[in-house]
Structures are given as structure tokens and as C-alpha cells.
Amino acid sequence: MIFNQKWKCSWSMTASIASGVALISIVHLFLFPVVPSFDYFSVRQVQNSCVPVNGSDGGRSGRDWENLRPIIALESRFPVDSHGAVVYRNTPWKAEIGQWLAGCDSITKEVNITEIIGGRSCQNDCSGQGVCNHEFGKCRCFHGFSGEDCSGRLHLECNHPKTPELPYGRWVVSICPAYCDTTRAMCFCGEGTKYPNRPVAEACGFQINLPSEPGSPKLSDWSKHDLDNIFTTNGSKPGWCNVDPKEAYASKVKFKEECDCKYDCLLGQFCEVPVQCVCINQCSGHGHCRGGFCQCENGWYGADCSIPSVASSVSEWPKWLRPAQLDVPDNAHLTNKTVNLNAVVKKKRPLIYVYDLPPEFNSLLLEGRHFKFECVNRIYDERNATYWTDQLYGAQMALYESLLASPYRTLNGEEADFFFVPVLDSCIITRADDAPHLAMQEHKGLRSSLTLEYYRKAYDHIVEHHSYWNRSSGRDHIWFFSWDEGACYAPKEIWNSMMLVHWGNTNSKHNHSTTAYWADNWDKIPSDKRGTHPCFDPDKDLVLPAWKRPDTSALSTKLWDRPLDKRKTLFYFNGNLGPAYPNGRPEASYSMGIRQKLAEEFGSSPTKNGTLGKQHAQDVIVTPDRSQNYHEDLASSVFCGVLPGDGWSGRMEDSILQGCIPVVIQDGIFLPYENVLNYESFAVRIREDEIPNLIKILRGFNDTEKAFKLANVQKIWQRFLYRDNVLLEAERQKTAFSRAEDWAVEFLQLVEDDVFTTFVQVLHYKLHNDPWRRQLSYLKKDFRLPQECLGTN
């Protein structure tokens with residue numbers, strides 16, 4: 001009876017609708033098997049039409065069916081060009097994707113979404129040692145604390161157990177001959193010294209052996225401390241823990257050079273300058289960043305303190321939750337127990353729910369860093385001005401922060417189209433040897449195995465504490481694998497999900513681990529953990545660009561816009577070329593041998609034997625010698641090589657950002673956006689066995705063809721920038737310090753779609769062109785139509 005009243009229709013109409021749904025269900029189950037092919041981006045899922053509808057939050061009446069706008073014939077309205085592309089927002093897409101985006105993406109309508117404003121309290125207010133998730137009433141404990149109320153204190157040693165041969169235990173980054181802060185497994189000078197809070201990082205406290213041969217590196221003896229050089233009070237050469245910075249800077253005293261300031265939140269040769277620590281979104285203005293973990297103000301929670309609770313001020317809510325209409329229960333005043341409230345907000349799909357995972361998967365990994373540059377895209381200088389890093393893996397942090405501040409974010413998992421699982425693998429791998437409590441010994445030294453375990457634990461957590469995984473077997477979940485070989489080591493339980501990677505190896509040719517770093521090799525991970533999946537599935541996954549530091553000079557001089565007649569070098573590649581060259585990587589497996597083959601043919605710098613490449617030419621540069629003006633060299637070239645390193649490298653981004661036509665040489669491996677953009681419009685692919693013919697092929701392009709590709713590179717280059725994340729930081733700096741750095745001024749002038757916008761566009765296409773999703777929408781009990789645009793096969 002409730003069902004009939006809700007729909008305001010007769011029993012006969014109800015029966016008709018039910019029969020129709022049953023028929024549709026049968027048809028869909030026939031067309032799409034129980035385990036359908038999730039060929040999201042392939043030609044098999046071409047959508048010939050879309051139907052824009054006005055979305056709302058609830059069931060539809062019969063009139064809604066009658067008022068649908070006319071179907072848009074996509075193929076006829078948006079025909080492909082001579083290269084098989086359809087241009088949408090100045091970018092050549094694969095035809096079926098470009099057609100749908102051009103016809104449907106721009107007509108997305110806002111829908112009313114009921115957001116959940118948390119009101120549950122946590123046990124003992126987390127004892128002041130954690131942040132309360134007010135939606136679930138669960139504590140997220142700071143580093144070194146544990147328990148339901150964070151009252152338990154962990155004991156995290158800096159050193160492994162000692163042995164007669166190794167009195168400080170076997171080497172680990174946190175190894176400490178001084179005072180160990182066991183809440184963080186970090187080493188400091190300690191009480192009794194002039195500067196007790198000064199870090200004693202790694203080699204600082206141990207004896208250094210001089211090299212046996214000229215030019216060889218110094219080696220630390222991890223079995224012998226060097227307490228004199230850190231604790232002595234000798235007037236002319238005091239120990240590290242007693243050096244007065246003013247006297248040292250005035251060259252009045254000497255000190256141990258191996259001691260430096262590696263930890264975050266501190267700057268200066270002697271760590272004497274406290275600076276802003278790096279936190280996710282810098283705590284969104286609603287908390288204090290304590291070494292990487294946000295200590296949120298009352299009324300706020302989440303990894304970046306961006307989620308308001310019922311105790312927050314509505315006027316301070318983030319943009320993605322405003323304007324909101326609060327729904328306060330009539331009996332709210334009758335109970336002393338605070339409960340979650342609802343707030344109705346207008347939003348556009350796709351809607352993304354970001355899990356507030358326990359901090360071991362993100363915040364604790366940032367808080368415990370032993371080297372401030374690890375896994376972050378920025379740190380802060382003595383003025384607390386932003387210093388952007390060259391950390392290629394910083395893309396993971398950039399995307400995570402953009403999602404948390406995005407208008408596409410929702411707190412209502414029941415309404416979400418996608419679920420993002422924030423596991424910072426870039427921190428896990430770079431920190432694998434940081435401290436004993438990370439338990440590398442259980443993984444036989446394999447960082448890949450340790451990282452897999454983190455992802456599996458995150459999967460276990462969301463299956464145990466949330467209901468969203470089971471509704472799709474994880475197909476609507478998104479995981480980011482940023483490391484060298486991407487999702488090769490993803491646990492088998494999550495492979496149904498969408499993987500964001502920088503390395504799109506389909507394993508069609510290179511069907512094993514290709515890294516030269518044995519600790520990252522995934523071949524030895526048992527199949528009962530990893531399964532037998534490839535590294536990348538182009539039907540469901542996406543390759544995102546790596547992080548590139550905002551380059552004010554390159555932007556202001558518009559290197560990306562340099563015309564063809566100013567590019568005098570035909571082909572350019574600058575990078576490590578292997579063991580034939582001085583300081584070259586010694587492993588034959590490095591770059592899967594591809595860089596080495598290129599150098600054998602076209603090397604423009606002499607090898608150790610003094611030879612050049614067999615086909616070296618004046619307008620072809622293939623060199624391992626570090627360029628003094630790398631970006632200028634790229635911008636002076638027509639074609640630039642995109643070859644692998646230990647898995648992915650940042651050469652595609654380098655080429656595109658300086659307006660150079662990328663030449664991709666890596667078989668069976670997808671580059672950024674390659675399964676959604678039309679690469680033929682702006683890139684060249686050369687098979688590995690075609691390397692000897694490379695220059696002949698490139699000289700075969702006439703000026704018209706080169707100008708066409710170059711023009712497309714110059715149109716899409718901003719899609720390789722994490723502009724959204726950069727502008728979030730610019731806004732924070734302006735709010736906190738009323739300043740705009742040069743990089744902020746340059747980025748504010750950019751208007752084309754960036755990485756985050758591209759990512760959302762791909763999700764939007766995927767949302768409405770996935771057969772499983774369309775099947776689910778027909779089977780929903782309230783018969784709700786997709787909110788914006790429907791496709792038909």
C-alpha cells in the first residue's frame with residue numbers, strides 16, 4: 001500500500017510497470033551476462049544517442065516520461081575527422097567518447113542530493129589523541145596512539161633487535177644511537193643536549209668510512225656509533241646536538257657534514273627554523289597540521305578536516321556543501337543524543353564518495369616520513385611559502401586533495417556513482433624501510449608485497465564497515481596505484497575496480513615485472529594474493545599523467561606554444577641510456593632494453609668506448625648527458641622520445657608540456673589517456689622492432705602532418721597539468737598570508753581542462769555508458785531514471 005501511495009498510481013498501472021521492468025530485466029540479463037564485460041572505453045560500447053532529463057532526488061511520475069527531450073543523434077551530429085577523432089573542448093577524443101561528451105556532458109543537470117552531516121560522538125573524545133569521525137562515531141588516532149578512544153600508546157622502536165655483530169640492529173632508515181621518539185620511530189638528540197629536539201637522522205650518528213677508491217661514495221658503518229660527533233661539547237668542533245647555528249653559519253665551528261635536516265616541519269642546516277608541515281589540503285583551514293596528520297578543530301573531521309559535523313557553523317561549510325537546506329527532525333529537541341542530520345545540496349553527477357579510511361592508509365604515512373620530500377608534491381620554506389617538488393609520485397596527493405575539495409564529492413554513499421579509496425602507495429613504497437614497525441621482514445624485502453598488503457587491508461576495512469562494495473562487487477570503486485609498474489601488484493580481491501595508474505602495461509608483450517629494482521619486483525608475489533590479472537585493463541582503468549612541478553619560466557615564455565619553424569631538432573631524448581655510458585644504469589633489464597637499443601642506433605654522445613650511434617645525425621639528439629636547459633631543448637624539437645624507465649617515466653608529460661610531438665616506443669603499454677584520447681591526432685607510435693627505422697619514419701612526415709600534430713599537442717597540454725590542485729594551494733596561500741606567488745599568477749591565467757577535469761569527464765562517460773550501470777538503474781526498486789543523459793545500444 002505504501003508503494004502504491006508513493007507512486008500515486010493504480011494497481012493496474014503498478015502491474016504494468018512491474019511487468020515492463022521484469023521484461024527489461026530479462027532482456028538485460030540476456031544481453032549482459034552475470035559477470036559482464038566492462039569494456040567501458042571500447043568501440044563495442046558506442047552510444048548512438050543520449051536523452052537529457054531534468055534530474056531530481058526521488059521517484060518519477062508518468063509526466064516525467066512524457067517530457068523527455070528529443071534524442072540527440074550523436075554519430076550524425078558529431079562526425080569523426082580524418083584521424084578518427086571527435087573534438088570536445090579543444091581535445092581529440094576517441095570517436096565514441098568524444099561524441100557522447102560533445103552531446104551529453106555539457107547538458108548535465110543539477111540534482112538534489114541529501115548530504116549526511118555527522119552528529120555521532122566518539123568514546124572519550126578520542127582522549128585528545130585523535131580525530132572523531134562524527135558520521136560513524138569512530139576515532140582516527142594520531143601516530144603512536146591506538147584503541148577505541150586512542151588512549152593506548154604504541155611503542156614504535158627506531159632500531160631492530162641488536163645482535164653482537166650489530167649492536168644497533170640491522171640497518172633501517174630510523175636507526176638511532178641517540179633518543180628514539182617511540183610514538184613516531186624518529187631519532188632526536190634528546191635531553192642533556194643543547195638542542196634536544198634536533199633530529200639525528202640516519203647516517204648522522206654513525207661512523208663514516210672514507211671511500212677506498214677516488215670518486216667512490218662514503219659508506220656508513222651501521223655497527224659503530226659516532227657519539228663524539230653528535231654529543232661532544234668541544235669548543236671548536238661541537239657535536240651535532242650542541243652546534244649553535246649562528247656560530248656554524250659564521251664558520252666559527254665545524255660540524256659533521258652527514259648530519260642534515262631531513263624531517264618535515266623543520267628547515268635550516270640545523271633544523272632551527274620551524275615551518276609549516278605538509279598535510280592533506282593543509283587541513284582545509286579547520287585544523288592544525290602536526291607532522292602530516294590533521295588535528296581538526298571542534299566540529300570538523302576527515303583526513304583534511306573538510307567534513308563539518310552538526311557542531312560546525314554552516315557559514316564555514318566548504319563550497320561543495322553550499323548552499324544547503326538543513327533537514328532537522330521534529331523530535332531532535334526531545335533527545336540529548338546528537339544524531340546525524342541531512343542537508344540537501346544541488347550537485348552535478350558524477351558523484352564521488354571518498355572513504356574516510358583509518359589513518360594508517362594515508363595520514364600516518366605522511367606524519368611518519370623520515371625524508372620530507374617523500375611522496376608529497378610540496379613542502380614549505382622559511383616564509384611558509386610553497387616549494388613545489390619534483391616528486392613524480394606527487395600526482396597521487398594532488399588528485400586526492402582535488403577530490404576532497406571537489407563539487408563532485410558527496411558524503412552520501414547511497415547516492416554516489418563512484419567510490420574513491422585513498423591508499424597512498426607512493427608513501428608506502430618510499431617509506432618501506434623507514435622503521436621496524438612497517439614489518440618489511442614479513443615480505444622478504446619486497447616493497448611490492450608490503451604495498452599489496454596495505455591495499456588488501458583497506459579492502460577488508462571497507463567490506464567490514466561499509467555496504468557499498470557488495471552492491472557492485474567493487475566495480476564502482478577507484479584505486480590509485482602510482483608506483484613504477486602501476487597496479488601489477490593489486491590484490492586479486494579488488495581487480496574488478498577501476499585502477500588509476502601511470503603505467504598502462506597490458507602484459508601482452510612484457511608479461512612479467514620489468515623493474516630493475518628487485519624490491520619492487522612483483523613476480524614472486526604468490527598468486528593466492530595477487531591473482532593472475534595483468535597490470536592494466538584498458539576497458540576499465542585509466543592512465544593519469546605524473547606530477548610535474550609548476551614551472552613559472554616555461555609557462556611565462558610559452559615554450560609549449562613554440563611554432564614548427566622554431567623547432568630545429570628533429571628528434572630529442574635525454575636520459576639514462578644504460579651500462580654503455582658513464583654512470584649508466586648497469587641492469588640489462590632497465591627500460592626493458594628499449595633505451596639501450598635507441599642509443600645503439602642514434603646515440604649522439606660517446607659511449608665508454610668513445611663510439612656514437614650507428615645512425616647518429618646532426619638533428620637527432622639521444623644523450624645521457626644532463627641538459628642544462630632541458631625544457632628549452634624539448635621546446636626546440638619537433639619529436640621527443642617517450643620511453644620507459646623502471647616502468648613508467650615522466651617523458652610523455654615532458655614532451656606534451658613543452659609542445660613537442662611525443663614518439664612512444666613501448667609495445668603493449670598505454671600512456672596517459674591513451675584509451676580515451678585519439679593518439680593518432682597528436683602522437684606517433686613506433687614498435688620496438690622499428691627502432692632502427694625511427695628517423696626514416698619521422699622524416700617521412702611532411703610539414704602539414706607535423707603542424708597538425710603539433711597544433712593538437714598545443715591544444716591538450718593543460719590536460720597534463722594538475723592545475724586544480726595548484727590553485728587550491730594558491731587559494732590557501734592567499735587566505736593565510738595574502739600573497740600570490742609567481743606560479744599562482746601564471747596558473748590563474750590557464751583556462752583549459754586539466755587532469756582533474758579530464759578525470760571527471762571520463763567518469764561521466766563511464767557512468768552512462770557502462771552496461772552494468774544501465775542494468776542496475778532499470779532494476780532499482782524506485783525505477784529512477786539516470787539523472788542526465790541516457791544511451792541506448
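Heads up, the Cβ atoms here are built off N, Cα and C, so glycines get one too.
Listed features, source TrEMBL:
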DISULFID  Cys122-Cys132  disulfide bond
DISULFID  Cys141-Cys150  disulfide bond
DOMAIN    118-151  domain 'EGF-like'
Disulfide-bonded residues: Cys122, Cys132, Cys141, Cys150 - member with fewest neighbouring CB atoms within 10 Å: Cys122
Between Cys122 (disulfide bond) and Cys141 (disulfide bond): CA-CA distance (Å): 12
Average pLDDT across the domain 'EGF-like' (118-151), rounded to a whole number: 96
Rounded Cα separation (Å) that holds between Cys132 (disulfide bond) and Cys150 (disulfide bond): 10
Cys150 (disulfide bond) and Cys122 (disulfide bond), Cα-Cα, nearest whole angstrom: 10
